[in-house]
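Trainee: Copied straight from Swiss-Prot:
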- 3-17: FAD binding site (BINDING)
Amino acid sequence: MRVLVLGSGVIGTTSAWYLRQAGFEVTVIDRQPGPALETSFANAGQLSFGYTSPWAAPGVPKKAIGWLFEKHAPLAIKPGMDLAQYRWLWQMLRNCTHERYAINKARMVRMSEYSRDCLNELRAQIGIEFEGRDLGTTQLFRTQQQLDASAQDIEILAQYGVPYEVLDRAGIIQAEPALAHVDGLVGALRLPRDQTGDCQLFTRRLAQMCVDAGVEFRFDQDITGLEFDGDRITGVRIDGKLETADRFVVALGSYSPALVAPLGMRLPVYPLKGYSLTLPITDPAMAPTSTILDESYKVAVTRFDDRIRVGGMAEVAGFDLSLSQRRRETLELVVSDLYPKGGDLSRAQFWTGLRPATPDGTPVIGATPFRNLYLNTGHGTLGWTMACGSGRYLADLMSARQPQISTEGLDIFRYGQYGHAPQQENRTCVLPAR
């Protein structure tokens, strides 16, 4: 049975790997000249299985008003003429309650913890290397209010059996010795089972292993639309030519909604623009040990072999990929405060990418109203964290195997209005130019 996977980021590539392991004939299509050249290219590098949290949280609406006037605000909204932007923001606001936050975080932790197990199993099986470290994540709190607010997260972590430690200043320094000079830290939440690693390196190496296993990758090819007949996809238009298969997987990140919208599916995925700096390490003893998350700025500082990756922030600004000097200054501020002697900012590489975010934080994985069309998208800032679990979960669904975790609340049907596909024949669904 032939499957076309649309997209070769970390989500598309892990999907291809697990589908091939399940016995499918797999072809991956992407417009880029290679894998992991968009959102997966230079993300924060954190595998934050325990830290997993939705952006839609209690208190965010009130904070967002204050952030409008802050230079280094973690979240920025740039209003445009896109109705999808306003619809997405409204849905996000509706998820900023204690009840919805608990439901959404529990779903995300379920997938993230499963993904950790899948990644560990994959590493043991194929020995893939990606500058990975298994030294945990430390979330820094600069105010007592931030520390107190972590209580709800801790409750959910305990519910799922995720190990954690609440650290005082001495505990922070023990975990991350290079932070001994930093004043004003009131505490931290440490998640010892979290990991780090270079997402792009992982994806490129896994793509090569996919090829060795028989997966075909076709690059520099534009996906221009879908065709369907009744409740089945009959083919995908690639550079204007129709390509047929038995099943199709949409793993196009922020561009997924544009492809499926003409099918009558309103997929609530919107790009959250993020930024990163990558700088060479100058003094290993003064660099991070693993991943640090600065709660005040929502910025992560991650250690690779000989590099520091600083990433974070979220802009609701559509598909704008311009680089903001103001955002660069925020990243430089955080890394200079925490690790002033750790890396060379004068040689830093500045990057931006679009994370495909749902308003509730949970990705959209699984079946659709079309019998042979599947989704694997909407992971937001946690695509790298959830990639292996999402790929394995999808392959199990498509193989009619019982997934190892609950399927509750993970597919598009949780949004309610997608139960019926349009019953038109031989219609072409055109994907706008990207």
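Positions of Cβ are set from backbone N, Cα and C atoms, glycine also.
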Trainee: Under 8 Å Cβ-Cβ from Val5 (FAD binding site), six or more apart in the same chain: what's there?
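Mentor: In sequence order, Gly12, Ser15, Ala16, Leu19, Val26, Thr27, Val28, Ile29, Val249, Ala251 meet the Cβ cut-off.
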Trainee: Counting every protein chain present, what is the number of Cβ atoms, excluding its own, within 10 Å of the Cβ of Gly7 (FAD binding site)?
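Mentor: There are 30 such Cβ atoms around Gly7 (FAD binding site).
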Trainee: Around the Cβ of Val3 (FAD binding site), how many other Cβ atoms lie within 10 Å? Please give the count over every shown protein chain.
Mentor: 24
Trainee: What does DSSP assign Ile11 (FAD binding site), in three states?
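Mentor: DSSP assigns Ile11 (FAD binding site) to helix.
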